[in-house]
Protein chains: 2
Amino acid sequence: MDEFASIRHWTADRQGENWQQRRGVVRGIGDDTAVVDAALAEDGVASPKRLLLAVDTMVETVHFKQSTMRDEDVGYKALAANISDIAAMGGMPLHALVSVSVPPAYTPERMRRLYDGLYECAERYGVAIVGGDTTSSPGQLVVAVTVTGTVEAGRELLRSGAKPGDAVFVTGAVGKSAAGLHALLAQEREQRAGERLSPAEFSGTGEELLVLAHQRPNPSVRAGRLLQECGSCRSLNDVSDGLASEAWEIAEASKLRLVLNEALLPRSGSLAAYAAKVGIDPLEWMLYGGEDYVLLGTMDSQDADGMRAVFHEEGLPFFIIGETEEGEPGVVLASGSQSQGDKRGPSTHSCRRIELKKRGYNHF
Amino acid sequence: MDEFASIRHWTADRQGENWQQRRGVVRGIGDDTAVVDAALAEDGVASPKRLLLAVDTMVETVHFKQSTMRDEDVGYKALAANISDIAAMGGMPLHALVSVSVPPAYTPERMRRLYDGLYECAERYGVAIVGGDTTSSPGQLVVAVTVTGTVEAGRELLRSGAKPGDAVFVTGAVGKSAAGLHALLAQEREQRAGERLSPAEFSGTGEELLVLAHQRPNPSVRAGRLLQECGSCRSLNDVSDGLASEAWEIAEASKLRLVLNEALLPRSGSLAAYAAKVGIDPLEWMLYGGEDYVLLGTMDSQDADGMRAVFHEEGLPFFIIGETEEGEPGVVLASGSQSQGDKRGPSTHSCRRIELKKRGYNHF
């Protein structure tokens, strides 16, 4: 198949013309560039919005292997990772362009499955696929996805807005994706190399949720919008590279320290059970496991309870996990006993404070 | 160097804050996404413009080798190819995002040189680099660049607008890049493999212009703007994949035939000289050699002379090379004697007409 025939095979009849028009698409796949309405109106009314632009790349053997991700998972996750970047700005994702460098091993049918996953994610998050580029690759599959999104002008949630005394929050459990990857790699070692695994094969073991978290992550678009609308969120990041690493990015951009309270970190039941089963400290995955795509941020501590209520009303998790303080940029994990103050006197702290390293996430 | 340090090393102090602000950049490299002004105002005044989005990818050993492109050439050309897509819509390029998948052989210094070339191209065409993604690569270097641009709403120059009886034009000589690649590969065979070559080494041989055309192509942004402004250009494409292939794209999108007159195809002197020297028919390069990044299009034939005058005034080349006609989509090369009509009677045609294949451009 030539390039155009391939692209048609992957993309035709996926997103209707009307569906794309509602997203401002004037001309999608098939010309030199896509054409989208710069006014980016909603309901036909121009609004003072800004454009968000991001690109994220997945490389075979670096970010995934055939034994950890099916082709459709690769497509789904490549787009999901990008949508998560838009969510981390408090924005709404709109358009995507897909660049694939395809090695010979990827047959048209495999690529079709990859696009199945990509369009599944696009439909779920209302993203219009408007273009791309296809090249051959002598080595690994490389998928680079670019996304656009919009955000109300001046209301984008940057990493640099945190202030001392802010509450630090996270919008979901962390470490599940890394634990899921561990389960997939463990199963690979027990089986023939190269055999594909799916969450279904973990069904009933309690590990399917971890595998699903790794293969089909859910970017936190709604959570990002709630945080953007509330007006008291001061900094925001998505947890793509591990909680410690993302906290470091906020600390450095905002020039302060984040103190995370170990006891407040949300623990997933399936994560705890799997960690106990394989004899690994779940904290390692929670701090240094990437690709959970929940949001980590800071906000005015006075509004934290109200924010939790808003999230609760929407059925979304929200956890206060620490606070910010002045000082050299860094991230601290506080643990150990901490008695709340009562009538007899002030609170006493006998915390251990460990400086967390900046280290990011390595897949393999 | 970690990812952020690398990105700083490649990008810091390249484009001033004011320079980026004038291009609507609110937040460039360094957060989850870039933030750009969706109003895309020029001189602070909002105008009814549309956003153009395109991505183009270069893969080592598929699109270039160390013996044909220096690292800085790779960076320059990766962006230039994208800018050319914006030019082919009649638009103005604005922003770029850069995704690089970096194999171990690419030291920080080599990547720095790649970014030198990238920023050189960005400066030349006024493009703001606003983001990107960096991953490792176990195999080849992969550079995927995404660009945005703007075009006056409803005035974008698509491939699908050609009408029967249009004049077919091209905005410069074709085949030079492919001939330059041939010269580089010939020199590689004579030398030690892997040694880097530059246009300077061809200096005085007459081939340096061909090598330069291959390593440092000039996208035709100004030409695209002139065609967009004139109002009589009906279809447009950039010659990235060879004249025949691009003509086919217009033919299929517009559902008609393009008849190219061999005698009217612009021939570069350096191309003719080099072709004679190595005993190759230059027509092969002119029809099937890619990456010249001139523009191929069709326009109302009555306005063709006026358009030529406009281009002439700007010091830009412009050649009428054929016409469109009704029929099954296809591309024809007409050649042979053709006597102009004179007082004694109508013109007589004794042309050979060859159907050109759809075949695109292969580098190696």
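Backbone N, Cα and C define each Cβ position, glycine as well.
In TrEMBL this protein carries:
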- A:Asp32, A:Asp85, A:Asp238: Mg(2+) 3 binding site (BINDING)
- A:Asp32, A:Asp85: Mg(2+) 4 binding site (BINDING)
- A:Asp56, A:Asp133: Mg(2+) 1 binding site (BINDING)
- A:30-151: domain 'PurM-like N-terminal' (DOMAIN)
- A:163-329: domain 'PurM-like C-terminal' (DOMAIN)
- A:332-352: region 'Disordered' (REGION)
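When the Cα atoms are compared, A:Asp56 (Mg(2+) 1 binding site) and A:Asp85 (Mg(2+) 3 binding site) turn out to be 9 Å apart. Secondary structure at A:Asp85 (Mg(2+) 3 binding site), as computed by DSSP, is helix. A:Asp133 (Mg(2+) 1 binding site) and A:Asp85 (Mg(2+) 3 binding site) are 21 Å apart (CA-CA, integer value). Across all of the domain 'PurM-like N-terminal' (A:30-151), the predicted model scores a mean pLDDT of 86. If you measure from the Cα atom of A:Asp238 (Mg(2+) 3 binding site) to that of A:Asp133 (Mg(2+) 1 binding site), you get 27 Å. Listed binding-site residues: A:Asp56, A:Asp85, A:Asp133, A:Asp238. The one with the lowest count of other Cβ atoms within 10 Å of its Cβ is A:Asp133.
The DSSP breakdown of the domain 'PurM-like N-terminal' (A:30-151), given as helix, strand and coil counts, is 35 helix, 49 strand, 38 coil.
Secondary structure from DSSP puts A:Asp238 (Mg(2+) 3 binding site) in a beta strand.
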